[in-house]
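As given in TrEMBL:
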type: ACT_SITE; residues: 179; note: active site, proton donor
type: BINDING; residues: 65, 66; note: phosphoenolpyruvate binding site
type: BINDING; residues: 155, 368, 390; note: UDP-N-acetyl-alpha-D-glucosamine binding site
type: COMPBIAS; residues: 1-14; note: compositional bias 'Polar residues'
type: DOMAIN; residues: 50-469; note: domain 'Enolpyruvate transferase'
type: REGION; residues: 1-35; note: region 'Disordered'
Ligand code: EPU
């Protein structure tokens, strides 16, 4: 499902670079998100993983990246000091911290002490912090501009659009463009804000929005339940005058999390978690302390990894209720799945059976778990039909899976995957966060050592991935890739 927004000519000040480009030394202590073991964030880093592993043990999942980033933006809505806890210690959070600093906020990170992975590991699981608490001191009048040099590294920076427009009546945010998983439009963000009285234009690669007389309530129907548009519109509506109704709103747990935080700041939002959000604007909000909801995508990644390696993994820190369809697919594949309130266990002692998967907005099967579903299908008995409905570029990574010997044929937004008993190790390249994690997990099912390059993508979504893998029994290392020779004429 893609929609496009019409914007004017690209920025003249644009510098080359990709979304998710690494930011060296982004953490105050200079360490990378990987803790003691993995102190560099570098686009030439590789992960080498030995195949034939069986994952076993317990792994703890911290707060969701896709919630924490928006919670940090939501803090902009109230002057004063907000504290967000259980924030994943990953590159994207460091970039969002920098976005807020440039808007005049004081931002500090303090590592949390939390449970680490335990199991029949081959090496130390690592005791580096996976999460942190972020303190954000927001000035009375935060800045109004988010530059391309940060937005191109973190597409989610676009979520400052709604809160800044609501607070300042003017905002200029670099247009994030598309990325490796697809075209990623902004038309619903723009149309919704316009319904609330904003005047919006695109110029030199920036989205410029102004509402000098303030925003007003409106009835907004989203063509598609976009996560980002719902978040931006909710954050704008909480300070608008009057009532806003957003129909066909996204229902993701991360939306519920942000609405919960906003209501605790004094907002009046009803219907979080349903398709209709009703928001009565209030004149001001107050700062808050809020704990980020557990990361269902990281939790789901471990669930699929357990099934693919015929392992036995208990995942704590994320509610299985947010993964109902994904866990149900694993049951259909032959897994035994046990659930508790915020933990679950996945066991499998035979080759998985092929299952079909269709990605859809929540509560459907998450698009962010598509690489894991393809990985599972690649080693399952039988053929699976995997359908992607959210991002037009999600299947890009299947070429890398083919290098691992996976038998995958794509046609539009469908992929037919014929399972193989074993994959075959090869050097492969991560193209985005989830594809990167999916390739590492697929490497667990290959003969020999698989080398995944460009692993800075993985750092963007998985705090201390290497240590968690080790703790669950995987032989894995992170290394700097040998320098590539330069060829000249
Ligand atoms: N879309 C439009 N116009 C819009 C908004 C969205 O055409 O105005 C399209 C997009 O191009 C896409 C589809 O609608 O094809 C879904 O986009 P959505 O807005 O729902 O996604 P998002 O907010 O850009 C977030 C997550 C993604 C996750 C999706 C879907 C963050 C920072 N990102 O993106 O996470 O896949 O929702 O659940 O919250 C990831 O973590 O690796 C990741 C990509």
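Glycine is treated like the rest: Cβ placed from N, Cα and C.
Neighbouring residues of the recorded UDP-N-acetyl-alpha-D-glucosamine site, listed in sequence order and excluding 155, 368, 390, comprise 181, 182, 184, 227, 367, 391 (Cβ within 8 Å of the Cβ centroid). Among the recorded positions 65, 66, 179, not one has its Cα within 10 Å of the Cα of residue 368 (UDP-N-acetyl-alpha-D-glucosamine binding site). Comparing residue 155 (UDP-N-acetyl-alpha-D-glucosamine binding site) with residue 179 (active site, proton donor), their Cα atoms are 9 Å apart once rounded. Summarised as a single figure, the pLDDT of the domain 'Enolpyruvate transferase' (50-469) averages 95. Less than 8 angstroms from the CB of residue 65 (phosphoenolpyruvate binding site) sit 88, 90, 92, 93, 295, 460, 461, each of them six or more residues away in the same chain. For the recorded site, residue 66 (phosphoenolpyruvate binding site), the DSSP three-state label reads helix.
Counting in whole angstrom, residue 179 (active site, proton donor) lies 14 from residue 390 (UDP-N-acetyl-alpha-D-glucosamine binding site) by their C-alpha atoms.
When the Cα atoms are compared, residue 390 (UDP-N-acetyl-alpha-D-glucosamine binding site) and residue 66 (phosphoenolpyruvate binding site) turn out to be 16 Å apart. Between the candidate recorded positions, 179, 368, the densest Cβ environment within 10 Å is the one around 368. For the UDP-N-acetyl-alpha-D-glucosamine site listed in the record, the two most distant Cα atoms among 155, 368, 390 lie 16 Å apart. In sequence order, 156, 227, 252, 254, 295, 297 make up the list of same-chain residues 6 or more apart from residue 66 (phosphoenolpyruvate binding site) whose Cβ falls under 8 Å from its Cβ.
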